[in-house]
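Chemist: The following feature annotations were taken from TrEMBL:
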type: BINDING; residues: Asn329, His334, Glu339; note: oxalate binding site
type: BINDING; residues: His332, His334, Glu339, His380; note: Mn(2+) binding site
type: DISULFID; residues: Cys255-Cys270; note: disulfide bond
type: DOMAIN; residues: 67-222; note: domain 'Cupin type-1'
type: DOMAIN; residues: 284-434; note: domain 'Cupin type-1'
type: SIGNAL; residues: 1-28; note: signal peptide
Amino acid sequence: MAAVGACFLQQLAVVALLALWCSHGAIASDPGLLQDFCVVDKMSQVRVNGFPCKDAKDVVAGDFFFSGLHMAGNTTNKQGSNVTTVNVAQIPGLNTMGVSLVRIDYAPNGLNPPHTHPRATEIPTVLEGSLYVGFVISNPENKLFTKVLNKGDVFVFPQGLVHFQFNNGTNNAVALAALSSQNPGVITVGNAVFGSKPSISDDILAKAFQEMFKFESMAAIRASFLLAAAALLALWCSDHGGVVASDPSHLQDLCVADKASTVRVNGVACKDGEDVAAEDFFFSGLHMAGNTTNKQGSAVTAVNVAQVPGLNTLGISLARIDYALHGLNPPHTHPRATEILTVLEGSLYVGFVTSNPENKLFTKVINKGDVFVFPKGLVHFQFNYGTTDAVAIVALSSQNPGVITVANAVFGSKPSITDDILAKAFQVEKTVVDQIQAKF
């Protein structure tokens with residue numbers, strides 16, 4: 001009996017270890033949502049990791065909306081940069097969704113100084129100008145990856161790694177960045193080390209930096225950072241707590257997709273770290289319009305792990321969507337991602353539908369600089385109802401969000417779903433089903 005008990009305990013231990021291993025799978029994804037959304041209840045006194053939800057009956061389209069991302073930030077500061085944040089503090093509907101946006105403005109020679117995001121990977125694209133960007137991997141290698149980015153280029157800064165952007169051009173520069181957290185947090189290296197409250201002692205800093213600073217110099221550095229700290233931290237930090245929806249902790253700095261590997265995992269196997277280059281985190285061309293000469297009058301340019309192998313395990317991606325006049329991105333879902341969209345040009349009528357039994361439709365007309373959120377897995381759409389072409393940039397909280405276009409899936413499946421099933425499901429005659437299927 002003792003042997004049987006010992007065997008059972010060993011089997012139980014194996015199951016526990018396998019469960020722990022599976023929780024660190026090769027693909028980074030947010031934990032499954034337990035409901036359609038969890039809009040922040042700002043009046044609640046309950047403390048949770050993130051925010052408690054308000055009653056779904058009180059939720060409105062405005063809870064998923066932000067306006068003003070087309071407006072330039074004030075770069076008249078020491079760093080010559082400004083960050084306009086669109087996270088859960090600005091859009092309460094982002095709670096539990098694991099994604100957010102920022103706009104970053106850079107004056108000539110403007111710098112977004114070395115910093116980390118403890119809870120997010122960042123994927124920026126340049127809208128105007130050019131930037132010299134880079135990140136440093138962790139000890140002991142501390143290898144620097146750098147790249148010069150121009151309009152339409154995309155680069156990835158993996159979660160938790162020190163990174164920076166510098167406007168090396170002669171004109172102002174603008175970038176739009178997505179982050180894989182509703183509240184990514186920021187730690188500016190200089191502020192944290194030399195501007196902490198209370199101060200880290202001179203002895204500790206002198207030893208940490210190998211006495212490269214004299215005590216007098218360190219005092220001057222501290223004074224400078226303390227003067228700038230309030231303004232810089234105010235640009236980035238939220239007063240709110242952590243995130244409910246977040247990617248699982250990484251086990252290493254990078255897991256760049258090895259496209260040549262025959263190993264099958266949930267995601268893509270990693271290539272040797274010695275073979276990783278800056279190009280693995282780079283994409284060019286997001287400034288180029290897609291071809292909208294199709295039945296829907298829209299085109300999606302995807303930037304996910306298939307285009308940027310460095311996105312593997314990082315749980316975020318981008319896309320550009322072009323809409324001709326009256327162009328439609330038809331009702332569809334992303335099974336593995338929340339989507340956050342901002343309009344670059346034109347105006348869009350957008351909406352999403354909650355799940356059964358309510359099937360409530362939330363809609364909004366959004367214009368240049370506006371932002372809207374489509375919760376993970378819900379049917380949503382965008383329609384260009386304006387008088388000119390429209391362009392949007394979207395971020396999705398998965399390296400491979402997937403897309404299911406409702407009409408294509410139901411009426412264009414291969415092989416086809418039978419007439420009997422569809423006629424009964426949609427309460428129509430079989431001839432109507434046949435006519436619709438013939439179009440797909």
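Going from the start of the chain as shown, residues are counted 1 onward.
Just so you know, glycine gets a Cβ as well, placed from its N, Cα and C.
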Chemist: So what's the mean pLDDT when you look at the domain 'Cupin type-1' (284-434)?
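Modeler: Mean model confidence (pLDDT) across the domain 'Cupin type-1' (284-434) is 94.
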Chemist: For Glu339 (oxalate binding site) and His380 (Mn(2+) binding site), what Cα-Cα distance in Å is obtained after rounding to a whole number?
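Modeler: The Cα atom of Glu339 (oxalate binding site) is 10 Å away from the Cα atom of His380 (Mn(2+) binding site).
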Chemist: Roughly how many Å lie between the Cα atoms of Cys255 (disulfide bond) and Asn329 (oxalate binding site), rounded to a whole value?
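Modeler: Cα of Cys255 (disulfide bond) to Cα of Asn329 (oxalate binding site) measures 32 Å after rounding.
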Chemist: Residues with Cβ closer than 8 Å to the Cβ of His380 (Mn(2+) binding site), same chain and 6+ apart in sequence?
Modeler: Pro331, His332, Thr333, Glu339, Val350, Gly351, Phe352, Val353, Phe374
Chemist: Take the C-alpha atoms of Asn329 (oxalate binding site) and Cys270 (disulfide bond) and report the distance between them in angstrom, rounded.
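Modeler: Here the two Cα atoms are 34 Å apart.
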Chemist: Determine the most Cβ-crowded residue among the binding-site residues His332, His334, using a 10 Å radius around each Cβ and all protein chains in the structure.
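Modeler: When each Cβ's neighbours within 10 Å are tallied, His334 tops the list.
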Chemist: Can you tell me the CA-to-CA distance separating Cys270 (disulfide bond) and His334 (oxalate binding site), as a whole number of Å?
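Modeler: One finds 25 Å between the Cα atoms of these residues.
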Chemist: Tally every other Cβ atom lying within 10 Å of the Cβ atom of Cys255 (disulfide bond).
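Modeler: Cβ-Cβ neighbours of Cys255 (disulfide bond) within 10 Å number 26.
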